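K.L.:
Feature annotation from Swiss-Prot assigns NADPH binding site to Thr13, Val14, Arg45, Lys103, Gly300; the stated evidence is similarity to another entry. Residues or ranges marked as NAD(+) binding site in Swiss-Prot (evidence: similarity to another entry): Val14, Ala33, Ala43, Gly300. The active site, proton donor annotation in Swiss-Prot covers Lys203 and is backed by sequence analysis. Residues or ranges marked as domain 'ACT' in Swiss-Prot (evidence: sequence analysis): 353-429.
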Amino acid sequence: MKPVKVGICGLGTVGGGTFNVLERNAEEIARRAGRGIEVAQIAARRPNPKCDTGATPITADIFDVACNPEIDVVVELIGGYTLAHELVLKAIENGKHVVTANKALIAVHGNEIFAKAREKGVIVAFEAAVAGGIPVIKAIREGLSANRINWLAGIINGTGNFILSEMREKGRTFPDVLAEAQALGYAEADPTFDVEGIDAAHKLTILASIAFGIPLQFDKAYTEGISKLTSADVNYADALGYRIKHLGVARRTESGFELRVHPTLIPSDRLIANVNGVMNAVMVNGDAVGSTLYYGAGAGMEPTASSVVADLVDVVRAMTSDPENRVPHLAFQPDALSDHPILPIEACESAYYLRIQAKDHPGVLAQVATILSERGINIESIMQKEAEEQDGLVPMILVTHRVIEQRINDAIAALEALEGVSGPVVRIRVEQLN
């Protein structure tokens, strides 16, 4: 059979890795796909010194690839929202299958893109958009298809995980570790997407849609970053038997779905609590299988290329099949997607870590306990430290049982109004993941 002809748009880290893997493992890939996969054209603004593209035609215009009649599959690896969106729609319009690693594109424009792809009978594959080299999308969409997924939780941004790991292991401050992450290339010059949870929210949006069979709704995901975390809270969490991770959590409830990204205390004996550095991990809990864990490199040249090429193999296998018999993009048929709402954060339920800076006066603890009790908030554990020499304040650390967030909001407002409490109350959510 003739090889399938692929056009790669973007020859940066992932694009270069994809080209190299396709070239190096060409024979093995052909054996798996049933026919060869040939890179027939590349769109790139500049060469990649880590790639020997040889005689492969190169253009500076990505739309040359989308409009090339010889190309069967367009691989979109340019990133961003605008140009990538236009490129993918043009490729679909021209009847080409698409493989992308662009989580922002899928999270924000995926509903539109998948609808256009169905109209044209083409495939859009996006395994590499979440957690790099970990095939977690395929695991949820296909491997766990017998299950009603109850919840999933993931460390899905390597930059944030590197920062929190360094803060815990070496006692370093957030600004100090962020500067190193930027120097090492883990974080961008503008690290907002990584440290404020936007990148993780893109990925969580995709995972939740596949797990629960709901439309992509990135705009309804609650997002909270790690830039305000202090070494003190990392250390207190450690003393209580927890690790702080920047976690994406999606949960099915009777009222709707929770979709939230935020710093989270996890018991230190959980496997996911011990995922350190730039590595990623995703836990998925299904009613039949129980809890499963998927771990690996969440980024990088060839780990991400591994998922891109795996998608290419799947596309080659499925491109001649009847579109009605293909695995749906979001695991469920479009007319079977749930319309249950995404819950606002105030309606979500969690346990909470609260750090209160109390004045060294008698009766403050009793006042705190009364405020929590009046709002139906039960305390699981409490830790009081010695008064700090600098300002005479006593750090009071509480861990509550699970409760609706609105009650915690009300309690924090009342606590901060107490004369015996100084400054804002620190609140970090707690998940047992069992």
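Glycine too: its Cβ is placed from the backbone N, Cα and C atoms.
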K.L.:
If we check Cα distances from Lys203 (active site, proton donor), which of the binding-site residues Thr13, Arg45, Lys103, Gly300 wins as closest?
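P.N.:
The smallest Cα gap between Lys203 (active site, proton donor) and any of the binding-site residues is with Lys103.
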K.L.:
Measure from the CA atom of Val14 (NADPH binding site) to the CA atom of Ala43 (NAD(+) binding site) and give the result in Å, rounded to a whole number.
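P.N.:
Cα-Cα, rounded: 13 Å.
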K.L.:
Looking at the binding-site residues Val14, Ala33, Ala43, which one has the fewest other Cβ atoms within 10 Å of its own Cβ?
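P.N.:
So among Val14, Ala33, Ala43, the binding-site residues given, the one with the fewest Cβ atoms within 10 Å is Ala33.
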K.L.:
Per DSSP, to which secondary structure element type does Ala43 (NAD(+) binding site) belong, with helix, strand and coil as the options?
P.N.:
strand
K.L.:
If H, G and I count as helix, E and B as strand, and all else as coil, what does DSSP give for Thr13 (NADPH binding site)?
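P.N.:
It is helical.
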K.L.:
Say you check the Cα of Ala33 (NAD(+) binding site) against those of the binding-site residues Thr13, Val14, Arg45, Lys103, Gly300; which is nearest?
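P.N.:
For Ala33 (NAD(+) binding site), the closest Cα among Thr13, Val14, Arg45, Lys103, Gly300 is found at Val14.
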K.L.:
Among all protein chains shown, how many Cβ atoms are found within 10 Å of the Cβ of Lys203 (active site, proton donor), not counting that one?
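P.N.:
The answer is 26 other Cβ atoms.
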K.L.:
Which residue, of the binding-site residues Arg45, Lys103, has its CB surrounded by the fewest other CB atoms within 10 A?
P.N.:
Arg45
K.L.:
For Ala33 (NAD(+) binding site), what is the secondary structure by DSSP, using just helix, strand and coil?
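P.N.:
SS state of Ala33 (NAD(+) binding site) = helix.
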K.L.:
Give the mean pLDDT for the domain 'ACT' (353-429) on the 0 to 100 scale.
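P.N.:
Across the domain 'ACT' (353-429), the average pLDDT comes out at 93.
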K.L.:
Would you count the other CB atoms within 10 A of the CB of Gly300 (NADPH binding site), including those on all shown protein chains?
P.N.:
17
K.L.:
Can you count helix, strand and coil residues in the domain 'ACT' (353-429) using DSSP?
P.N.:
23 helix, 28 strand, 26 coil
K.L.:
Rounded to a whole number, what is the top Cα to Cα distance in Å among the residues the record ties to NAD(+), namely Val14, Ala33, Ala43, Gly300?
P.N.:
24
K.L.:
For Thr13 (NADPH binding site), write down the residues of its own chain that are at least 6 apart in sequence and whose Cβ falls under 8 Å from its Cβ; none is a fine answer.
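P.N.:
Expected: Gly300, Met301, Thr304.
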